[in-house]
Amino acid sequence: MLLSDLSSDQEATGSNSHGGGGGGDRMVVGSHGAAHVVLSNLFLPPAAAAAATMLLPAAPVMVRPAAMAAAQEPRAKKKRSLPGNPDPEAEVIALSPRALVATNRFVCEVCNKGFQRDQNLQLHRRGHNLPWKLRHRAAAVSAVTTAAPAPRKRVYVCPEPTCVHHDPARALGDLTGIKKHFSRKHGEKRWRCERCGKRYAVHSDWKAHVKNCGTREYRCDCGILFSRKDSLLTHRAFCDALAEESARLLAAANNSSSITTTTCNNSNISSNNNNNNINSISNSNNLLITSSSSSPPLFLPFSTTPAENPNPNQLLFLQQHQAAHHQLLLPQFQQPPSSPPAYFDHLAFGGGGGVITSSSCNDDNSSIAGDVMVAAGGDSVSFGLTSEGSVTMHAGDVGRRRLTRDFLGVDHDAGEVDELELDELPADLSTTAAACQGCNFAAATTVACCATDFTTGSRQYLGRLPPVNETWSHNF
């Protein structure tokens, strides 16, 4: 063959000249000890290629070692063992509380000095030139003499029955450890720090605390200094809660003050708007309404003027009074009361005449915001403006004189307006006042009124309320 000059190593491994390993398209066939290389199945006839594929060995399966598999698996975090898990073969020793807290368990017979451990006493005896002996460890004893049995390990249980270390399975393996445990958990705290006042039951704990107490300062945001961090944390738990409560109350106070300011501004704006609206309504409906005390009242009796009125004993004038009240102290309410016009002075005290006045009382205990009095000699009819925006009419002793109901706009008949006897007038007759949205500001507005001739029955209207129905408009 042409490729028979290949080396035996290359033939045995089945690798090509490019360094690639033996693949599925390359086969090494041995015959009588001689190796022959077939490059690829593509160069063989179909029958030979199928036979070569059947002769290929199976691919080797790599088995991962158990150590590598264990190393790659996530190792569970080892939990910390609970204190007091001794050897089952250890010797369990139960000491009394008096023996655990005793400071002079081992006493020197020379100086009567007490020690908690026997080892310390033996070392003390050396100073008195007395015989002493230290207890050797079990490992050292077993190494020297193999004949003597090794002493068992000792564990100590807590004498307190309710303690978890009272169980032998949870016994502590150190005598010093069981002594400190009993003193810390069940003993009296006899040592007190002079700086912070913290108390300790173990003297070594107290000494360690005194060395560091006062060397650091922990400052709260409120400015208080603490020498201990735990005191600062305890304080901040309450300080933060107090700060949040103070901030909430301050925010609520600010909101209430802003709402009050907005309400006052809205009241002033609404009062001005009400005055403007009332002026516009009076101009459109020929009402006698004035919002300024300095200007004289405007009379619009259809087509006549006050100078052309032939009867001087009808409605005389409108007069506005200011109510001296503690709540009406705004600048717009501090205008001086105006006097009636000069051309009505001769009619003010005329015989048989009527006077209409308006007043305001903004009293918290009263539901009437303003009233109107119609007086004719000794007879009177009063109209009250309530806070809900209605007009209440009260009839006095006016004899048999006559008033018309169309003054209030309550006549719903399409015919002629009926006249109502004053004696038959109900005590409280209320109707909604369309133009009385600003009832609290009645002192700044003159009430619309009409005039009636009480002697002859003839009527002369100086003004009227807004039309309530078609009858009101058609009757005039």
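Heads up, the Cβ atoms here are built off N, Cα and C, so glycines get one too.
As annotated by Swiss-Prot, Zn(2+) 1 binding site applies to Cys193, Cys196, His209, Cys213. Residues or ranges marked as Zn(2+) 2 binding site in Swiss-Prot (evidence: similarity to another entry): Cys220, Cys222, His235, Cys239. What Swiss-Prot lists as compositional bias 'Polar residues' is 1-13. Under the heading region 'Disordered', Swiss-Prot lists 1-27. For 228-240, the entry in Swiss-Prot reads region 'SHR-binding'. The motif 'Nuclear localization signal 1' feature in Swiss-Prot is assigned to 124-131; the stated evidence is sequence analysis. The motif 'Nuclear localization signal 2' annotation in Swiss-Prot covers 178-185 and is backed by sequence analysis. Summarising the annotation, Swiss-Prot assigns zinc finger to 106-128, 156-186, 191-214, 218-241.
Features recorded in Swiss-Prot, as mapped to the structure shown.
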residue	record	DSSP class
Cys193	Zn(2+) 1 binding site	coil
His209	Zn(2+) 1 binding site	helix
Cys220	Zn(2+) 2 binding site	coil
His235	Zn(2+) 2 binding site	helix
Surrounding the recorded Zn(2+) 2 site, with Cβ no more than 8 Å from the Cβ centroid of Cys220, Cys222, His235, Cys239 and those residues left out, we find Asp221, Gly223, Ile224, Leu232, Arg236, Phe238, Asp240
CA pair Cys213 (Zn(2+) 1 binding site) / Cys239 (Zn(2+) 2 binding site), Å rounded to integer, equals 23
Taking the Cβ of Cys222 (Zn(2+) 2 binding site) as the centre, how many other Cβ atoms fall within a 10 Å radius? 11
Given the Zn(2+) 1 site Cys193, Cys196, His209, Cys213, its other Cβ neighbours within 8 Å of the Cβ centroid, in chain order, are Glu194, Arg195, Gly197, Lys198, Val210, Asn212, Gly214, Ser227, Arg228
Closest by Cα to Cys222 (Zn(2+) 2 binding site), out of the binding-site residues Cys193, Cys196, His209, is Cys196
Cα distance, His235 (Zn(2+) 2 binding site) to Cys196 (Zn(2+) 1 binding site), nearest Å? 14
So for Cys220 (Zn(2+) 2 binding site), how many other CB atoms are inside 10 Å of its CB? 15
Tertiary neighbours of Cys239 (Zn(2+) 2 binding site) (same chain, Cβ under 8 Å, six or more apart): Cys220, Asp221, Cys222
